[in-house]
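Accompanying notes for the structure given below.
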């Protein structure tokens, strides 16, 4: 297929595909999905070999969020029966992190519900970061605390944080349809603050919220322009008790096409399969490792994930290897500066845009698999052992 050959060549050169090419990936048929995976897999292996980076989530504060993000089980007005608890103490968070690290994780992601941290919250998280780093040599720590105020990213960096996550989630044009309590521009500004403070920026998306192919391409191109080092790709977990509970729009093949498109647009960036992989990729999860070079180990913030042991077996059986703590995740040209930093330098590649945008046929809608959505009842915030 000429399209795929062209995209592989561009990916190996870190050249931005046209919008038409990105849309064409999403429009490929299920009959061609293995060809798409094989092509994007060449780009993935060129930049990341067969390594898979493991990340581990620690939910520092769960539920009771004042924001109205319609996809979120922790949102204002959510009826989802999730765990709700206030801030974990530093030693509790460090203990939770240790379980993930013992399971093979290289990075710990510290997440807290809410619009954004107060300065007191930043102090609290700083103590947690120091506790984790003191007890686990070489661990990477990423914070995800919401919208940042001036100076807070610098303070997190000084406390030892390596990265900051704040997802764009969807396109600017449809952002107001999923959230009204803050704006798309607010999210962009927070990613920029993380960059400016010298933190490795992590920013991604959520697929399956009813968006169009054009929306998906828009948000991935916006991410490319922001130049994060890591792009988590979430697949909506339709929690009962949230406005998007009935949005079952994804098939395993659709998820693979989305991951392939992200890999072609962001060829040398850590692409992470995040929330919802078990729900939507299901038995095709191993194929997704040919597209992404990073996953979350174990459970998510409010839902259960695949057993940690099963994650490790899946990686090995698919012919991949867990990235070690002594291995550098990013390609050499990105690693020294933590990203390209400018349109002219190397990093993620050229920032040109353009290209016609078409409209792909609506994807086939799978039967709602509510049986696969399990609320987390173990690990952080409970007395039960974590999944790692």
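Keep in mind that glycine also has a Cβ here, set from the backbone N, Cα and C atoms.
It should be emphasised that the depicted structure is a prediction, and the values quoted were computed from it without experimental measurement.
Now, the feature entries from Swiss-Prot:
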DOMAIN    47-277  domain 'Radical SAM core'
BINDING   65, 69, 72  [4Fe-4S] cluster binding site
BINDING   109, 142, 202, 272  [2Fe-2S] cluster binding site
REGION    335-371  region 'Disordered'
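What Swiss-Prot annotates, mapped onto the structure for a quick look.
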residue: 65; record: [4Fe-4S] cluster binding site; contacts (Cβ under 8 Å, 6+ apart): 72, 74, 75, 76, 113, 114, 115
residue: 69; record: [4Fe-4S] cluster binding site; contacts (Cβ under 8 Å, 6+ apart): 75, 169, 178, 179, 181
residue: 109; record: [2Fe-2S] cluster binding site; contacts (Cβ under 8 Å, 6+ apart): 55, 56, 57, 58, 141, 142, 143, 144, 165, 296
residue: 202; record: [2Fe-2S] cluster binding site; contacts (Cβ under 8 Å, 6+ apart): 142, 144, 163, 164, 165, 166, 228, 229, 230, 231, 232
residue: 272; record: [2Fe-2S] cluster binding site; contacts (Cβ under 8 Å, 6+ apart): 53, 55, 204, 230, 231, 232, 233, 292, 293, 294, 295, 296
Mean per-residue pLDDT computed across the domain 'Radical SAM core' (47-277):
95
Cβ within 8 Å of the [2Fe-2S] cluster site's Cβ centroid: which residues qualify beyond 109, 142, 202, 272?
55, 107, 144, 163, 165, 230, 232
Return one of helix, strand or coil for residue 142 ([2Fe-2S] cluster binding site), based on DSSP.
strand
For the [4Fe-4S] cluster site built from 65, 69, 72, further residues of that chain with CB within 8 A of the site's CB center:
67, 68, 71, 73, 74, 75, 76, 78, 113, 179
